[in-house]
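Features as listed in TrEMBL:
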DOMAIN    2-113  domain 'Response regulatory'
MOD_RES   53  4-aspartylphosphate
DOMAIN    135-232  domain 'HTH LytTR-type'
């Protein structure tokens, strides 16, 4: 995968470059301290993945993404945990908090690799509703039959959706909006731009998040009233 790294901090760029050199599937073609320079580059030389800092002068990471008509996969790198919510809004593949841990770097890159492989082989319609309380989900060359009752939540990243159960995660090429149409509305609810949750598996509800099987998921502002109204 061709990738670039954008960060106004030289040390942070050096860490990403050092880690990327250890991953055979990554080709780090260039690093940028200026997001404006990076924007000009990407508009002329498309890449598959961007390691992107959020808090930068001149053009922030979020503003950088807004300026791209078709953003590639994004892994955010930032020193501020409060920017995680913004990362979710942009359906990033990963979110790495500085100082970046190599194992977490590998985990994020592995997810990007899976999405990259799926993109080249996945059919346009990657999930179909079955009639016996299951859903058929295509992932690469395999098709999984998942029980609707086993699905904890769905997470979107770009044009990909991950079905999360207690036993496995299945990534498929499809939009979250189209996937949601295949699920029974009384059992699943969109709570965020990037998340759909199985109502039966919600353990804890707070103002800005819910907990499902021990995992905390953000609740977007536009979805908050609907969620609380349904569960009253």
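Heads up, the Cβ atoms here are built off N, Cα and C, so glycines get one too.
A sphere of 10 angstroms centred on the C-beta of residue 53 (4-aspartylphosphate) encloses 27 other C-beta atoms. DSSP places the residues of the domain 'Response regulatory' (2-113) in helix, strand and coil in these numbers: 48 helix, 25 strand, 39 coil. Across the domain 'HTH LytTR-type' (135-232), DSSP helix (H, G, I), strand (E, B) and coil residues number 21 helix, 50 strand, 27 coil.
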